[in-house]
Amino acid sequence: MQMFAIVISLAFTVVAVALTARAVSQMLGVMRQGQPAVGRSDNPGARTVTMLKETFLHTRMLQWTWIGIMHWFVYMAFLFLSTAVLAAYFQLFKPDFAYPVVGHWIPFEWFNELIGALSTIGIVFLIIYRQKHHPRSEGRKSRFFGSTFWQAYFVEALALLEGAAILFVRAAEWRLDTESGRIHYPFSSWLGDAIYPVDKSSLENLIYAIAAFKIVLAMVWLIVIARNITMGIAWHRFTAWFNIWFKREADGTTALGAMKPLTSDGKPITLDDIDDLDEDSALGAGRIEDFSWKGILDFTTCTECGRCQSQCPAWNTEKPLSPKLLVMGLREHAYAKAAGDPAHTDRVLVGSGEKGADHGAGTDVLDYFYNPADGDFVIDEDVLWSCTSCGACVQQCPVDIEHVDHIMDMRRHQLLVESNFPAELNGLFKGLENKGNPWNMSPNARMDWAKGLDFEVPVVGDDLESLESVDWLFWVGCAGAYEDRAKKTTRAVAELLNIAGISFGVLGNGETCTGDPARRAGNEFVFQGLAQQNVETFKEFKVKKVVSTCAHCFNTLKNEYKDFGIELEVVHHTQLLNRLVREGKLTPVKEGAGAAKRSITYHDPCFLGRHNQVYEPPRELLQVLPGAEVVEMERNSEKSFCCGAGGARMWMEETLGERININRTKEAVGTGADQIAVGCPFCRVMLSDGLTAQQAKGEAREEVEVLDVAQMLLASVKGEQATKAAPGSAKKAAAAGASAGAAVSTGDVATKDEPEVGDATQTEDTVTETADVGPNAKASGGSSLFDTPAAEPAKPAKTEPASGGSLFDTPAPEPAKPAKTEPASGGSLFDTPAPESAEPVKAEEPAKPAATSGGSLFDLEAPATEPTPKTEEQAPEAEAEVQAEPASEAPKPAADAPTTPAADLGSGGSLFDLEAPAPEAKSQPEPEAKTEPEPEAKTEPEPEAKSEPAPAAEASSSPESSAAPAPSAGIPEGGSLFDIPAAEPAKPAPAATSESEPAPEAEPTPEPEPEPEPQGEVEPEAEPEPQAPAAPPSGAELSQAATAAGRSEDEAAPEPAEAPAADESAVEQPAAESSEQTQTEESATEPTPESESKPASGATHTPKTDADINGSGSLFDL
């Protein structure tokens, strides 16, 4: 028996060692194909400590407590089995062999047996867990979906035998050992007494057999994994040690916070290096060889555990991105290509194949998105662009795989080299390059947020020579300066700092975007240009300490600007406010309206929490608010769920699966909280949009609101109303104020949850409405300024230059002939052909186009080939919004003014994609009686780009002055906003137009119900008496009316506004009735066309492959 055991054991050992050596050589060869990795071996002492801590203490595995504990038992059994296998070789020759010194040391023996028993329990637990959460029962929701199950079963079987073998060999040793007592064999002695004989010869043969079994078992393990070098679930036992040691951060933190620098051949690339790059230089990752060797080691180490997949917001909302499947797909491609597989030789990393609209949400995702059998790419482009860079995958990975870095490298290549990226990003890049903000707003309007404050906000360069004379630089950020809800957070922080006696200054118009959205979208060089500009400003004004309300700005300034030669102390506003409360400089009032009883749930911003580990300061602030009870969502802190705005997703359409913000909002509403607290303006926009949608469906209480932590603290410190008084009170108050014709602002603007008519912060450069993840947009409310086809009362045309420019700063119409519509690709603000009157009318001095100093939102551009589908969810929400307010009779206008074109911005694409209205000669005269419907003007059908209709913004006229309805312009996918022929002056009895996005004209029907997706505009009746042409409405006027019109995510189709007569005093009067009331009244007499709806999980975007983000024209390119 002994000889047989020796021969078998040695034979298996020789084969296993040879195959394993070859496998390791192949593995290293594949890794060597990668690029050099920068900074992976610095501080070896700290790296070694990190490796030992993460392996022996299982610090990352224990994020899932019981799974981590059981895995630790199995892991330790594997380590001790290694010593047992080594001892088995000696036992083949000496059955009673024991290691010197420790062999009969009681603690060693006890631990050995304890681990054997616990590992057996642990692996049984893990086997049951895998079967309980098997994809056959949970489908895509299983974190094991897509994992290779035969490999998992093989590893589990070997692990079970590992633990059992320890106990069985120890039991045989107990029977053979006549000198040691039972204390040396606490568990195995009882097993040995039960199953083993007592005679020495039989026991020796038994030990030979068990020793051979242990050796053969270990060698079979090695043979199998050597034949399958992509078997990460087995190889991670060896490669994880190296992957952890070579992780990006030597101090042991995750690869989050700062993005990995753009490198080529292992060297960082800056703007100064562009001219020195060779034609073959790799920018980002376009081939598997473009990843660093550490990236390929990441792919090799993946255990397929699926923790990243279970936490990914994209995967959990039926999108095709799974961090696990992405890494597995890259690993399969890397090793197949290295082996010369012809199916992988010519594959590109990112491509697109034919697939159904819902394949990304189904279980067939593997067939279409990852190494498809009939495709020529590794991953589908929808996988790449679904990432929000929230970092949940990196946070959860037990072996420190750096998923986000790899995704961002692939995005960089797609954008910088291939020019292949979602078309909606064109507007983002142009706004950042031309105006220094993603909304393309005037750079001279950055201080509008401070209007109406009862103290002066010092501006560096105007009021301060440098930041040395104050405590902090208050970094306002683009959202804090332009987005209406974020302005309230900005004001709240400024007020709190003023109350606490903290001196601060702002850069005002000298501030520009940090560049975060450009970098996360892959446009590294736009980011670097913005970063260098800001760093120069910081150095000029001696900036040392910065406080920011935006989690994205906070992360970029803190972690990424150090690469540009400046070290800053950067804190989030919740951290600074927490410090001030602790120091007694801010004291919440314990009685009064500010101490109203309410429950609050807090949403962790990804770039504040996971990326920077700031979890407690905002929660501590909420806990000290009198009357507040903090309730946590199930997914919180490290496991918090993304809002959906990161990774530049704020400026991209979300056409696949469920909206991420809706998923998160449902969870927040499910806690029963009265208020949802946030610490980031983008999170606030996304959750506010989600809440509006849920409230419109009746799935969330009307009194629930989304507020920044700073706003809640300010209300408590000032003793102001801390929460809505009653369900629906805010909307009723807004409607009442509009009906009364007075924009009355109650309470501090900074403590409001929603923008209101008359807020001091609203100007023509304020973004006041948003829709969920739409092109170019994201600002407060339930839709976007870009999505609002509405008009405001127009002032008489003026020729003075505007100070900042606005979305609505179009030239006033002139008498013109019927215009011929021609698409244009770019053009200029001054490319608008002058219209002529269809019939002779009294001539009037034409109004010249207003010159703008700061540009306008018309400078945004999107490609003409970007159709985006509409969601199915809009119908019930639109109906609910229309029925929300009672109908009231609109005041009869005294006179009409000639119409002004109202741009329909409700569809996607770009603001350049506007289409001229049809010639008025085709319009029918408007009947004077209300019983007859108004005819529609025919427009070109246009694809719907917005997933949800934007709310209408309407301003009603006063009894003394009113305006005729404005004709609408359709938005085709091509052309430019500046190629719109101006509207014709109205006839004495002008025809009202109604816009329908691709839908036929509806025949008039009495008292129609609102259609599921109303797209036509319904016009109020007007008197035939004409007035002088009026100038287009200003941005501020639109902002006020749009806010009062309601903020539903899914609302009825937009209506044109009435323009007042030329009397300027009338223009200054606020809206006299709410948009909801007018919509309800008019829907009773006017037909509403029905347009087609596309599924929410509909077609994916079509990236533009020839986009030139630098060549697009703008207002300044004249």
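For all residues, glycine too, the Cβ spot is worked out from N, Cα and C.
The stretch that TrEMBL tags with transmembrane segment, taken from the ranges 110-129, 150-169, is 110-129. Taken together, the residues in the domain '4Fe-4S ferredoxin-type' (375-407) have a mean pLDDT of 95 on the 0 to 100 scale. Against the transmembrane segment (69-90), stretch 110-129 has more CB pairs under 8 A than any other of 6-24, 110-129, 206-226. For the domain '4Fe-4S ferredoxin-type' (293-323), same-chain residues at least 6 beyond its ends with a Cβ under 8 Å from one of its own Cβ atoms are 27, 30-37, 40, 63-64, 140, 142-148, 151-152, 229-230, 232-233, 235-236, 239-240, 242-243, 246, 285, 330-331, 334, 359-361, 365, 368-369, 380, 382-384, 386-388, 390, 392-399, 401-403, 405-406, 409, 639, 641-642, 644, 656-660, 663-664, 1097. When Cβ-Cβ distances below 8 Å are used as the criterion, the transmembrane segment (110-129) is approached by residues 66-67, 69-74, 76-77, 80, 84, 156, 159-160, 162-167, 170, 185-188 of the same chain, each at least six residues removed from its ends.
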